[in-house]
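Data block below; observations after.
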Ligand SMILES: Cc1cc2nc3c(=O)[nH]c(=O)nc-3n(C[C@H](O)[C@H](O)[C@H](O)COP(=O)(O)O)c2cc1C
């Protein structure tokens, strides 16, 4: 069994991730929950963009977006993703690879309702990832939806969450002379689903 101490200790990788994110909220100037999310398109060509990690659940990571966006369509075709959270001031990263499913139920409703009215109207107005003639077109749509929904826009049917259930999580911390610490947690594919933890060369 690999010896893990300090920031790497614990038997639940989601708890470790929560702890690191909590530390990052104190050290990062903004968006400590920003992560680079990778998907692949129909040709197998990778795509990557930043999104905000909104929830670390008992067994999964959740972010929210437009299902008709490029990432939404890529995930509909191939429900697998990878992401990395990187904290410059902490000099740490967490890498995750996993299987994706939609969160378009009550959690998505609750999160959407928690957003400002302007952000909710923006979700209606933005045909995310599709061509736009100019800012005026978008602002006109915001005004149109404001007239329709007032101060309580409901969650659009094409907007919601994705839940990433990891098969692999790596915790990485900067070490002197590039001798970084890396611990990879891999889920056993058998019924037990237990994590196998290995220390990796930097
Ligand atoms: C720090 C940061 C956080 C972002 N968070 C989100 C997010 O949570 N959801 C989202 O749909 N787009 C978010 N974006 C915008 C995306 O990076 C991207 O431009 C958009 O989702 C369209 O991506 P796609 O065309 O690959 O689907 C964020 C951008 C930045 C820079």
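Cβ atoms here come from the backbone N, Cα and C positions, even for glycine.
All TrEMBL annotations are machine predictions without curation.
Feature list (source: TrEMBL):
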DOMAIN    21-146  domain 'Pyridoxamine 5'-phosphate oxidase N-terminal'
BINDING   49, 50, 51, 52, 53, 54, 64, 65, 71, 93, 128, 129, 172, 182  FMN binding site
BINDING   54, 111, 115, 119, 178, 179, 180  substrate binding site
DOMAIN    159-202  domain 'Pyridoxine 5'-phosphate oxidase dimerisation C-terminal'
Original post:
What else in the chain is close to the domain 'Pyridoxine 5'-phosphate oxidase dimerisation C-terminal' (159-202), if you only count residues 6 or more beyond its ends and a Cβ gap under 8 Å?
Top reply: 1-2, 4, 7-8, 13, 16-17, 20, 54, 57, 59-67, 75, 81, 83, 90-104, 107-108, 111-112, 123
Subject >> Entries of 49, 51, 71, 115, 179 (binding-site residues) sitting next to ligand 1, with Cβ under 6 Å as the cut-off >> reply: 49, 51, 71
Original post:
Taking the residues the record says bind substrate (54, 111, 115, 119, 178, 179, 180), how far apart in Å are the two Cα atoms that sit farthest from each other?
Top reply: 43
Original post:
Going by DSSP, how much of the domain 'Pyridoxine 5'-phosphate oxidase dimerisation C-terminal' (159-202) is helix, how much is strand and how much is coil, in residues?
Top reply: 3 helix, 27 strand, 14 coil
Original post:
Of the binding-site residues 53, 64, 71, which one sits closest to residue 111 (substrate binding site) when you measure Cα to Cα?
Top reply: 64
Subject >> Spatial neighbour of residue 180 (substrate binding site) that is closest, considering only the binding-site residues 49, 64, 71 and their CA atoms >> reply: 49
**OP:** Count, for each of the binding-site residues 54, 115, 178, the other C-beta atoms lying within 10 angstroms of its own C-beta, and report the residue with the smallest count.
**Re:** 178
